[in-house]
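If you look up TrEMBL, you'll see 25-49, 69-86, 98-116, 122-140, 152-171, 183-206, 218-241, 247-264, 276-300, 306-329, 341-359, 365-386 marked as transmembrane segment.
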Amino acid sequence: MSLISPTGQIQEPSNKKPAPPFWQLAFRPFFLSAAVFAVLSIALWLAMYNSAIDWQPINGMYWWHMHEMLFGFVVAVVVGFLLTAARTWTQLDTVSGIPLLLLFLLWLGARLFILIPVMPMLLIALLDVSFLLFSAYFLGKPIFTIKQWRNVMFVPILLAMATLNGLSWYYALTGVALQGLWLFHAMVLLVAVVMCIMGGRVFPMFTANGTNTQRVPAIAWLEHASIISVLFAAITTLIGHPSLAEFSSYSLIAAGSINFVRAVRWRIWVTLRTPLVWSLHVSYWAVCIGLVMLGMAQLGMGIQSLALHAITIGGMGGMILSMISRVSLGHTGRKIVAPRLMVFAFVFINLSFLMRVFLPSWLGNYQLAVILSGACWIVAFSFFVVRYTSILTKARIDGLPG
């Protein structure tokens, strides 16, 4: 069973729990809230970065920025997508109604409480990690019920994310939060693994259907190598032993190069008139670029921060914006055609990527590059919020539940 139907929809089973539309499936609250959070958190980050406000969140603004973009923004989208997709895979009910609301409140509570310096850090950590643990439970329940082993891999992935998050909070609780930055780097690569898995499953299908061209056949060894190479790089980064540093660097370069070959085979050039498809391709190219840059940076031939932002802004940000736009359309009974405003959003998210990664060296002004990149990011996700709020909060236009 494919992850998403050829039309881009996540098809629902017939049995539905009676709940308001916004709480019927996880994609609705988590996609919308993640987009709002993407806007507000970067606006707040820019204010702190430029000393426009004299205030610091728990563990300081740099730790907060890294932690919240990964374990706040990215994780919300991943969970929203997987818990919705699980109904397609299993044809069983997944979390909705009051349980979905409570799960959402775990996520929201952690996002809000971390902004209050007097809040007990242990309480925030428990809320934050519990969100991923319960998400893994809700995802695994229908998958294990019907023994659908093809998709079971996403359960340990969520558990691995929970572990990385828990360890980052452990460092914070022991007063050495910034000594755990390598955990954030490992999380970036773990999310890159998810993107590589998703890319192989749906990009060739989306490209063929969106451009009326023949689907590119998969090459088994290349598909496996693309995912395993990134996973291997993530593991060596997680281990973090100095003896593996050079080995880790070359593994990152190899992972990026292998995925470049994969990306070229998917033919980005045939998608240029289909925004919901070319935006996905561009995000995948950004991941490849970021992996190679990260490996080179670890060899002393680049800046690690720029490489990480290639993966996080161009890769994660771009792919998330494109996927939530597509899934939200198809899953509410609409045609899979990008609204005009979203075409501009895709342009702005890629401008954010280019400005953050390449403009510092071209412009010679790092701070201005960060500001311009952040502004473009805010515009991109603001466009999504403006265009999709009514779509995500109202019932499907075809009258079906979901």
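A Cβ is built for glycine as well, from the same backbone N, Cα and C atoms used for every other residue.
Curation plays no part in TrEMBL annotations; they are all automatic predictions.
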Seg_contact(the transmembrane segment (365-386), the transmembrane segment (183-206)) with at least 3 CB pairs under 8 angstroms, min sep 6: no
Feature contact check the transmembrane segment (341-359) with the transmembrane segment (98-116), CB under 8 Å, 3 or more pairs: no
In contact by Cβ distance (the transmembrane segment (306-329), the transmembrane segment (25-49); 3 or more pairs under 8 Å): yes
Same-chain residues at least 6 beyond the ends of the transmembrane segment (69-86) whose Cβ lies under 8 Å from its Cβ atoms: 3-4, 10, 25-31, 33-34, 37-38, 41, 92, 94-95, 107, 110-111, 128, 131-132, 135, 138-139, 142-143, 151, 154, 158, 161, 165, 168, 184, 187-188, 191, 194, 312, 316, 320, 323-324, 327, 331
Chain residues outside the transmembrane segment (341-359) and at least six past its termini with a C-beta under 8 angstroms from it: 275-276, 278-279, 282, 286, 289-290, 293, 306-307, 309-310, 313-314, 317-318, 321-322, 325, 368-370, 372-374, 376-377, 379-381, 383-384, 386-387
Ranked first among 122-140, 152-171, 183-206, 306-329 for CB pairs under 8 angstroms with the transmembrane segment (276-300): 306-329
Contacting positions for the transmembrane segment (122-140) when only residues 6+ beyond its ends and CB under 8 Å are counted: 58, 71, 75, 79, 82-83, 86, 94-95, 99, 103, 106-107, 109-110, 113-114, 152, 154-155, 158-159, 161-162, 165-166, 169, 172-173
